[in-house]
Amino acid sequence: MDGGSGHGFVPPSASFDKSRVLDIKPLRSLVPVFPNPPQAPPFVCSPPFGPFPPGFTPFYPFSVAQGPQSSPELNQHKTPTGATNHETPISASANLFRTPPHFPGVVNGDAETSREYGVQFLNENSNMGVKQDGFFDDPKRAAPHLRASNSSRKKAKKSKDVDISLTVDNEKGSSKNFVMRFDSLQLDDGNREMVNYVLMTFDALRRRLSQIEEAKESPGGGIKRADLKAANILMSKGVRTNMRKRIGVTPGVEVGDIFFFRMEMCLAGLHAQSMAGIDYMFVKGGLEEEPVAVSIVSSGGYDDDADDADVLIYSGQGGNVNRKDKQVADQKLERGNLALDRSFHRANEVRVIRGVKDVVNPLSKVYVYDGLYTIQESWTEKGKSGCNMFKYKLVRIPGQPGAFAHWKSIQKWKEGFSSRIGLILPDLTSGAESIPVSLVNDVDDEKGPAHFTYFPTLRYSKSFNLKHPSFGCNCQNACLPGDLNCSCIRKNGGDFPYTSNGILVARRPLVHECGPTCPCIPNCKNRMSQTGLKVRLEVFKTNNRGWGLRSWDPIRTGTFICEYAGEVLDKVKVYQERDEGESNEYLFDTTHVYDNAFKWNHEPGLLDEEPSAEPNEYYDIPSPLIISAKYVGNVARFMNHSCSPNVFWQPVLYEHNNESFLHIAFFAIKHIPPMTELTYDYGMLQSENYEVQSNHTPNGKKKCLCGSSNCRGYYG
């Protein structure tokens, strides 16, 4: 949606059963407790589990600078009698942004999971340390370029350039430092490009921090919260957007966008609270300001009813929810609860983010932005523990793209409660893949693509000749990050190419994986591209580009999707067929010129590393590789071209009996929501190799139908 709708009352859903509501008491009969004025909000927080990992320093506004900075030791903080988790006062000298302990299975920094253990990072009344016009409460504590930006806005609201230093490869094998300059107003009001830049920068930094931590991790384990460290660094340097709070649409964030970390929503300006489920701002209400809700996160921490795709019964906050998700006190009409009550009377729009289980890591959550809702009803009822809690009925504003509704449909397909519309085959791989791949056409009557033989990997007629043949690793169990005795790790420059949960850390000239002759276990993390599909894929008929590929599951940045399978062809034969006019639409050619302009790896300067610490993103392939999937191939043959792709290819090399075999693996550039088409850049033919004319465009180029804002009009 382009903006708010200002809808008023929507009749309650007929499916809502009020007979289950107990001990009803209207909200208006309760005495509201107004928060302190926003100029000096009280910092309240649950007892932190701290301390911070080494080298982790809390940043404004997650720390308070009035007086000496000292952090209470673990287990020394005492909660005043009668105070709830949301009411515990913290002294001005306490650090308010603490890293929770690492619990088994909690791998994506899920804030609601942390809340279940009594951890609270942010004071809800602090509003991320900014006033409602987007300015910091204390300009002296803001970054220098932010102070300049705020000053200019106060005087004349004129834009001011902000400089952020970056490093990218400018030529093969070399690096160049330059400064990215953008309008300072994008800090307060972002756009799609700015949101994507911030989120890609965050995840690149987070992956690198994870790689560093895992390489030095002790056998006993430890606190691993690379997401908090990455957010700390970026916020302290001003790499964020949409800092100005607002009601309605967040510029640059689209309905259906997904987030694997709560801090991503903070950096993008969608939801400013890293822990609290209710975010709000103050607006004029009569003689004084009053809070109104701007966004909520529903992820199961309370008794939320989230079964309906368009209606959400949301529970208020507070009541001192303990480790067993049991409410032990009545909730109060204050802070977030009061903001929701005021939003109910004002009928303002509220952004809703829904948390769902991650199919790859079931103990973690994925957060999907489900669009704008309005509050239609509010009441109190007794919860499962017998304590009073606030309930709010939110109804989705019509006309928005589907988001959470897609998740509900996919869940029903997987559980067999409903069949996929247009389903042709439940598994076109005939069991060749461990996860079935559906074939679907809900567009026309075509019954499927031309016949081909499904084969999950490459068919080589010969191997590459290595200049310096080498044997595989000698690891007896699994290759471990930081183990420089592992020859496969040394081939990757001493860094393990994947994180512990199988995410590619960086694009490299070449990734060396353990091969079949390596003695390490078959599920060694350094065999990521050899272990088959990780997500449930679907081949579907597009409206104008033939068959395409998409996923039922959300895909996280850096996730391996599939390799390009098929028959390896001789380059001379391929060019001969081209000259003779033979067409092969299922061809992957590493000799194409590919657009490597996008920067996917982390910026070393953000970690005070030398530029050499960042892997070169230009590919270094030992010998040209051309793959045909026309007659033999896998799901990769159905991926269409896009000038703004969400998938990139990475050359991967592993050895077998002293022979080296190159493979092309595809990884996600960014988080990809379910039912989003997977695309990559097909590249361009090198002019010195192929200059014949085509019916479409000069020099053999083909007309591009990707429809993206960056479409160059042709490819191939």
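Cβ atoms here come from the backbone N, Cα and C positions, even for glycine.
Checking the ranges 133-162, 673-702 against TrEMBL, the region 'Disordered' annotation falls on 133-162. Across the range of the domain 'Pre-SET' (471-532), the DSSP-based residue counts are 11 helix, 4 strand, 47 coil.
Taken through DSSP, the domain 'Post-SET' (700-716) splits into 1 helix, 4 strand, 12 coil. Regional average pLDDT for the domain 'YDG' (248-396) in the model is 89.
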